[in-house]
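*Asks:* Sharing the feature lines straight out of TrEMBL:
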- 29-99: domain 'Histone-binding protein RBBP4-like N-terminal' (DOMAIN)
- 103-123: region 'Disordered' (REGION)
- 187-229: repeat 'WD' (REPEAT)
- 284-320: repeat 'WD' (REPEAT)
- 328-363: repeat 'WD' (REPEAT)
- 385-419: repeat 'WD' (REPEAT)
Amino acid sequence: MAPAQVVDDVDVDMIQEEDEDQEQRLINEEYKTWKKNSPFLYDMILSTALEWPTLTTQWFPDVKEPEDKNYRIHRLLLGTHTSEGLPNHVQIAEVKIPKSVAPNPEEYNEETGEIGGHAKSSNGQSTAVEFNIVQKIDHPGEINKARYQPQNPDIIATLCVDGKVLVFDRTKHSLQPTGKVNAQIELIGHKQEGFGLAWNPHEEGCLASGSEDTTVCLWDLKNLQSGSNILRPHRKYTHHTQIVNDVQYHPIAKSFIGTVSDDLTMQIIDVRQADTSRAAVTAKRGHLDAINALAFNPTSEVLVATASADKTLGIWDLRNVKEKVHTLEGHNDAVTSLSWHPQEAGILGSGSYDRRVIFWDLSRVGEEQMPDDQEDGPPELLFMHGGHTNHLADFSWNPNEPWLVCSAAEDNLLQIWKVADSIVGRDEGDLPLDEIDR
């Protein structure tokens, strides 16, 4: 038998490089189109290049209003993902947002990619959106996720690459890094890294974490022994068979915790049950690939959303999880982050590897469309943010400023933006959210 033909590796590399170049050209063209149209899509947008990418972002719940100033000061929780050997930090940023945002498309700044966010003070001076990192806390390795404790936002938990969960009290750290990691508490219970982390909104000092070791750990900081900074989980769940990607406490039902996994299931733990090897509720037939995130609706006891690597979002009614209530289709790659609007109960946001953040309006599910409208996506697709040129890492709704969002991509770009009111203004005929429930 004649030997198999050998394909020159260089040719294969050249083909791959050509494909990558073509993809990059397409991304660049899409970005140019977005940039051209952005003055008409946003009331405000700020793009800032961080020194290092962040995999996590979350607005703090507080906002300051300095006396006799025409802006408010919001705060952001960020991390770093540096090159190997370089130090990482938990980062806290301050963002000055003008009180009055009245953009003029003619004022769009091509160089900075900024629009809006310029208000006139009483002396006639203009105030622009400002972003500044005000505190850096030393951290061992990149931060997979960072979340503040809702009952005391100075307490911050992080997920590490070695599986540890670290808890920091930011008030016990200087504003500049010292070069030495000094977490207040180390939570040790996972054998591998993870990306699932959530504080209990109902009970101070309690949190949950999910890991690539397939387990979910529950922690209670009140169990910490005097004189020790090491804490073990008070409960470990083994109900999943593959990587656990996300954990979330139910915002209304105090005993429920939702978890999703590469095993294609969404499961609901009831902490009142003693058995840690099985969940109280298991949804098995919702997605064709790993489930990356879930989000309980903040005003409905039964409505929950899931995001999957199969490019879709699932909407579920917890009273019957044999099948989804609805599927949202509009992303072109894995959906990795998910969050409900804090003020508008029927609005859901999703972030994806396709570089997009999409807003979905569930009150529009089932609306009839004209043929021309169908080309723009399903009726519930309200808005698509296309300002990033790399995978979306995380995004966060601002709890104090409706429709203000921070989004971070796997390159260094962080964007703070507010979609135009002309796009997201509410219709009088919007359906109430409970009509989507079963």
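Glycine residues also receive a Cβ, built from the backbone N, Cα and C atoms like all the rest.
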*Asks:* If I count Cβ-Cβ pairs under 8 A between the repeat 'WD' (328-363) and each of 187-229, 284-320, 385-419, which range comes out on top?
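*Replies:* If we count Cβ pairs closer than 8 Å to the repeat 'WD' (328-363), 284-320 scores highest.
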*Asks:* Helix, strand, coil residue numbers for the repeat 'WD' (187-229) per DSSP?
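*Replies:* Taking the repeat 'WD' (187-229) as a whole: 3 helix, 15 strand, 25 coil.
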*Asks:* Which sequence-distant residues neighbour the repeat 'WD' (187-229)? Criterion: at least 6 residues beyond either end, Cβ under 8 Å.
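*Replies:* Counting only partners 6 or more residues beyond its ends, the repeat 'WD' (187-229) has Cβ contacts under 8 Å with 144-152, 157-167, 235-249, 251, 254, 257, 259, 261, 269, 271.
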*Asks:* Could you please provide the mean pLDDT value for the repeat 'WD' (328-363)?
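*Replies:* 97, rounded to a whole number.
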